[in-house]
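What Swiss-Prot records for this protein:
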- 46-249: region 'Small GTPase-like' (REGION)
- 58, 59, 60, 61, 62, 63, 64, 65, 171, 172, 173, 174: GTP binding site (BINDING)
């Protein structure tokens with residue numbers, strides 16, 4: 001049975017949607033926002049802001065930092081470096097709820113921490129989970145063990161009674177010649193665990209004509225499926241909590 005989206009999937013391609021998207025760009029490059037910054041909107045572009053804390057976890061080397069860099073418009077690191085302590089990154093993503101004339105700008109605050117810090121300091125995991133709206137469990141398409149470890153990773157990270165949205169993300173989709181995880185594997189996983197699975201490439205997108213800076217618009221288009229998917233899941237959850245739409249049967 002098909003489910004009607006709670007967010008308009010075509011709005012971002014409209015002139016109005018493109019105007020809102022331009023507010024997270026500067027000279028066709030991505031703007032970067034600090035913890036207390038937000039896009040500046042002119043009076044003719046009203047919008048509400050919906051803030052969400054998202055904890056990104058996974059075994060060392062699956063590409064957590066690269067995943068966040070990709071979504072936020074930063075350059076994907078060329079070499080792996082363990083994240084020291086906790087790192088937070090804010091990004092904004094405009095959407096429009098179905099049946100509404102007023103857009104909503106999602107404020108995603110991604111929390112990332114290194115596996116070594118998690119093992120060494122007992123306070124790291126509780127801090128990352130505190131008031132989190134979603135936990136993203138990452139695996140790499142080039143590392144089958146990271147995929148097979150996802151159920152155990154979920155159990156280690158969350159108790160069964162913790163009411164947090166769970167999403168699985170497959171990274172390094174670009175390295176399809178070296179993939180160790182098949183589409184059949186993903187279908188079996190989704191059928192067994194009833195969790196959404198998304199896919200992301202772990203390489204930089206096109207660059208500007210100067211050859212140095214990343215093309216912001218191209219980067220937004222590349223990340224749109226994951227950002228829209230995450231926004232849809234979280235907005236639907238909030239609508240269910242508010243009693244505005246029905247939950248899953």
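Yeah, the Cβs are placed from backbone N, Cα and C, and that goes for glycine too.
Computed from a predicted structure; not experimentally measured.
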Densest Cβ neighbourhood among 62, 173 (binding-site residues), 10 Å radius: 62
Cβ neighbours within the same chain of residue 58 (GTP binding site) - under 8 Å, at least six residues apart: 64, 137, 138, 139, 146, 153
Residue 64 (GTP binding site), number of other Cβ atoms within 10 Å: 24
Secondary-structure category, per DSSP, in which residue 64 (GTP binding site) falls: helix
Local confidence of the prediction over the region 'Small GTPase-like' (46-249), expressed as mean pLDDT: 90
Packing count at residue 60 (GTP binding site) (other Cβ atoms within 10 Å of its Cβ): 13
Coarse DSSP state, helix versus strand versus coil, of residue 58 (GTP binding site): coil
